[in-house]
Amino acid sequence: MDLKQIEKINTYEWEISRSVQPWMRVPVRIFSDEIMLKAALQDRSLDQAVNAASLPGLVGSVCVMPDVHQGYGFPIGGVAATDVQEGVISPGGIGYDINCGVRLMASDLPRQAAEHLLEDFTRLLYQACPSGVGEKGIVQVQAKELRRICEQGSGWALKNGFADREDIETSEDGGCIAGADWAAVSRRASERGAEQIGSLGSGNHFIEVDYVEQVFDEQAAAVMGLHKGSIAIQLHSGSRGFGHQVCTDFVHQFQAVAAKYHIQLPDRELVCAPLNSTEGRAYLSAMRAAANYAFCNRQVLAYAVRQTFEDCFPGYHLRNVYDLAHNIGKIETHRIGGQSVRVCVHRKGATRAFAPGHPDLPQQYQKIGQPVLVPGSMGTSSWVLVGTESAMLKSFGSCSHGAGRVLSRTQAKKEVNGGQLREELAARGIFVQAGSLRGLAEEAPRAYKNIDRVIECIEGTGLGRSVARLVPLAVIKG
Ligand code: 5GP
Ligand code: MN
Ligand code: MN
């Protein structure tokens, strides 16, 4: 892809027209400024967006967020909506870590009152929350119980003493998506999932102790319980080996399906099946089971985080602000060309960002809009925004999910020394507890784009509105 093939709409919006490649059914709309757009041209992410524009039944445009980078088939930071009647569903458009997502919890604990206990607290968190590759979780279950987790999501955690009602109310979809089907889940996935509920994983997944450094919207921040100078905690995890196996199973199964349904694709990593087919429905049901697994996983972890926090800082409560998916396919209604259309919104490395008044939002967020959680890196700020009407109109109610990578994992490991990085962060007052120093190097702040610039693009195009900025004090990396 070449900058010459991209039309500038305004400072923060760009378009790749359908005429660029013969297979494109819809244009690609990029939300970015020129500098970040040029950065995106350094990898294959925009070519991948152009390829994704070939999927049958797409409506509107394929959307690209400012944090875009290359992924499997689809770019990470991509959003695509397909008509439920005529469209397809593509596992690559959702991602291997189904319902990877972020949860934010907030407290009234002032940063100053926490500081002297912070390292001890972080060590206790590290003990309470299993992390690392293949690590067993807080909860280990048999297949029968796993089935309930897949059907009930965070509801299972509530029934089993790992959640408060408020946690459920302040999670996307109440922490459970209807329509999960255990029968669509392979035995291998079930085996991999049975032991990992309540585990963080490795690499990019983290638990981070932050403080609210700045508030931009007093009213919205107050509704979320975010106060300047207070401690907040972010948790980033997904569906572990379970979701990965579900994705793997269907990517394999779908390889043969495209031909059966006469679907031609410019890249085989885009494999898909009609939403209205046996295969498409099976994937949707299994994907929902994995999404519910992830909701439950984050909930169980969050509960352990809360217990540790409340033991360490008596008298302070850690309440849920929001729990948000950023790798998921959702059936939603959107207005496209003046009409209401039922679509499957593929959000891969992108969050939902519904506007104020949307019926799917919990009561307390009706007025301000949905909280949008945008982590930056362990050495920079993270942002809390709210969804907007512009997002509803421009991006199927979606926003960016992070800063996005600039360095591949391999590159980052070459350029960064993990031990040195840990010391640099410590010198800046950020305490790091990591499973491996090599893993830490992959996650160096310089491996990610400039988060503040991403947010400037988001504000510029109106996909979200800033509420607060968080700054890290301690981080746990698996
Ligand atoms: P992903 O789900 O695509 O792996 O990551 C989402 C985003 O999280 C990344 O784009 C990056 O900006 C952010 N991120 C990765 N590691 C950390 C971390 O340790 N702390 C914070 N606050 N953000 C991180
Ligand atoms: Mn993620
Ligand atoms: Mn993940």
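From the backbone N, Cα and C atoms, a Cβ is placed for every residue, glycine too.
The model shown is predicted, which means the values in this text are computed figures rather than measured ones.
Now, the feature entries from TrEMBL:
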- H401: active site, GMP-histidine intermediate (ACT_SITE)
- D97, H205: Mn(2+) 1 binding site (BINDING)
- 204-208, 326-327, 375-378, S382, 401-404, K477: GMP binding site (BINDING)
- H236, H326: Mn(2+) 2 binding site (BINDING)
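Checking the binding-site residues D97, H205, I207, N327 against ligand 1 with a 6 Å cutoff on the Cβ atom leaves no residue at all. Under 8 Å, Cβ to Cβ, and six or more positions away along its own chain, H401 (active site, GMP-histidine intermediate) finds M65, D67, G77, V102, H326, G349, A350, T351, V374.
Sequence-distant contacts of I207 (GMP binding site), defined as residues of its own chain at least six apart whose C-beta falls under 8 angstroms from its C-beta, comprise L125, C129, L200, I233, Q234, L235, H236, L301, V305, V475, I476.
Proximity to ligand 3 at the level of Cβ atoms, with a cut-off under 6 angstroms, picks out none of the binding-site residues I207, H326, G404.
Residue pair S377 (GMP binding site) / H205 (Mn(2+) 1 binding site) shows a Cα separation of 11 Å. Around the Cβ of H326 (Mn(2+) 2 binding site), 30 further Cβ atoms fall within 10 Å across all displayed protein chains. Of the binding-site residues N204, N327, S377, N327 has the largest number of other Cβ atoms within 10 Å of its own Cβ. Separation of the C-alpha atoms of H205 (Mn(2+) 1 binding site) and N327 (GMP binding site): 14 Å, rounded to the nearest whole number.
Here the Cα atom of G404 (GMP binding site) is found 16 Å from that of D97 (Mn(2+) 1 binding site). Classification of H205 (Mn(2+) 1 binding site) by DSSP places it in coil, neither helical nor stranded. A gap of 11 Å separates the Cα atoms of N204 (GMP binding site) and D97 (Mn(2+) 1 binding site). Cβ neighbours within 10 Å of H205 (Mn(2+) 1 binding site), excluding its own Cβ and spanning all shown chains: 22. Non-local neighbourhood of D97 (Mn(2+) 1 binding site): G238, S239, G243, H244, A294, N327, each in the same chain, at least six residues away, with C-beta under 8 Å from its C-beta.
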